[in-house]
Amino acid sequence: MLPQKQAEEAMMSSLTQTMEREEGEEVIGETSNFSFKNALWHGGSAYDAWFSCASNQVAQVLLTLPYSFSQLGMVSGIIFQVFYGLLGSYTAYLISILYIEYRSRKEKENVSFKNHVIQWFEVLEGLLGPYWKAIGLAFNCTFLLFGSVIQLIACASNIYYINDHLDKRTWTYIFGACCATTVFIPSFHNYRIWSFLGLGMTTYTAWYLTIAAIAHGQVENVKHSAPNKMVLYFTGATNILYTFGGHAVTVEIMHAMWKPQKFKYIYLYATVYVFTLTLPSAIAVYWAFGDQLLDHSNAFSLLPRSGWRDIGVILMLIHQFITFGFACTPLYFVWEKVIGMHDTKSIFFRALARLPVVIPIWFLAIIFPFFGPINSAVGALLVSFTVYIIPASAHMLTYRSASARQNAAEKLPFFIPNWTVMYVVNAFVVVWVLVVGFGFGRGGPA
């Protein structure tokens, strides 16, 4: 056991030294050319990753969570938020472990990733083979594609609350053009200022919803009858599953870090902060309007128009631009690798190469101006598999042999005493999400 332990420590030491060497090269480059632009443009710290995770985790769903509460009821809504938040943090942890495992094995083969962004499907291929690569690529790309479409449609839906002179499809044309500018953002390294601002925007909007709902008070003869329909109940639960399933870009965020091994619990810390936004706002709005939310899926529609509400709408529009970039950037990377442009240093040429990705997304958003049905499908099918079932299954298969468990690049987390418990938890995640998230969640709105 001693030689084996020494071999494990040597492997992790080599991985850490390689990552720190790459970090050192990047930091030296930034220090020698330090500028205000670099401070805002180049991010790779654990704090940057936290802002990216927290900012990306809640977008348009912040406005639909009160609607989910009207389907689930107050108690179930709170329970499902906490449960799925922790479940999402756990599978994000699994993804980070698999990334470290994949990278450590490649580092032993002297593979350099200096000019290459590792993605989830490559992790699956390296650990489990080409079939898993195909599965990961199909689910991840489809999820991110429709996630981007939803953000564009949501932009048009939100702006309609402060300017209804143009129809929603026309607004989609306009916001599609604005969001297409994300082709000029090279990677997640360059989202530092956007992640920081994005989190500030969702924080403002969440507390606006909370305070405005409490100040408004309960409507006359308010009713809180949920849960009263099984289909609505599981549809609401699926929307919350989708809320905490934003870690389809976990690998790309990790790879943008100078020390990716520090990521393991960052998503959990981000989720804890997100709870301070989603729980008070959803509880307050549902308390104030009750069953009226069943006919108003967007919380803005029930609150009286004011300058404060208009600020919230505008901030959410800007945030959706950021979220669109987060969803599209991994798709840009995939396309760049397909056409051989991934290692091109010119931002202009990479932007041109990315246009065939963003234009079809824009087109789809114009064709489907209502995101409700798409949201349900994305939540029930794509989120269930992409960020819950596949990571848990991949983790079990990666460490199915005794030698793989003994030579694992990362030790078991402190809250898992042994590999048997790890497998039980992973199996529970797969079965629960497959039955409740995918099976019952496909019912859609009544």
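Indices start at 1 and increase along the chain as displayed.
Backbone N, Cα and C atoms are what each Cβ position is placed from, and that goes for glycine too.
Quantities reported herein were computed from a predicted structural model and do not represent experimental measurements.
Lifted from TrEMBL, the feature list:
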type	residues	note
DOMAIN	42-435	domain 'Amino acid transporter transmembrane'
TRANSMEM	78-100	transmembrane segment
TRANSMEM	137-159	transmembrane segment
TRANSMEM	171-189	transmembrane segment
TRANSMEM	196-219	transmembrane segment
TRANSMEM	231-254	transmembrane segment
TRANSMEM	266-289	transmembrane segment
TRANSMEM	311-335	transmembrane segment
TRANSMEM	347-371	transmembrane segment
TRANSMEM	377-399	transmembrane segment
TRANSMEM	420-440	transmembrane segment
Report, as numbers and ranges, which residues of the same chain sit near the transmembrane segment (78-100): CB under 8 Å and 6 or more residues beyond its ends.
15, 53, 65, 72, 118, 120, 123-124, 127, 236-237, 240-241, 243-247, 250-251, 254-255, 260-261, 263-265, 267-268, 271, 274-275, 278-279, 282-283, 387-388, 391-392, 394-395, 398, 409-410, 413, 425-426, 429, 432-433
With the transmembrane segment (171-189) as the reference, which stretch in 196-219, 231-254, 347-371 has the largest tally of C-beta pairs below 8 Å?
347-371
May I ask which of the stretches 137-159, 196-219, 266-289, 311-335, 347-371 has the most CB pairs under 8 A with the transmembrane segment (231-254)?
311-335
Excluding the flanking five residues on each side, which residues at least 6 beyond the ends of the transmembrane segment (377-399) place their CB within less than 8 Å of a CB in that stretch?
87-88, 91-92, 94-95, 97-98, 101, 124, 127-128, 132, 135-136, 139-140, 142-143, 146-147, 150, 238-239, 241-242, 245-248, 405, 408, 419, 422-423, 426-427, 429-430, 433-434, 437-438, 441-442, 444
Leading stretch by Cβ pairs under 8 Å, where the reference is the transmembrane segment (347-371) and the options are 137-159, 196-219, 266-289, 311-335:
137-159
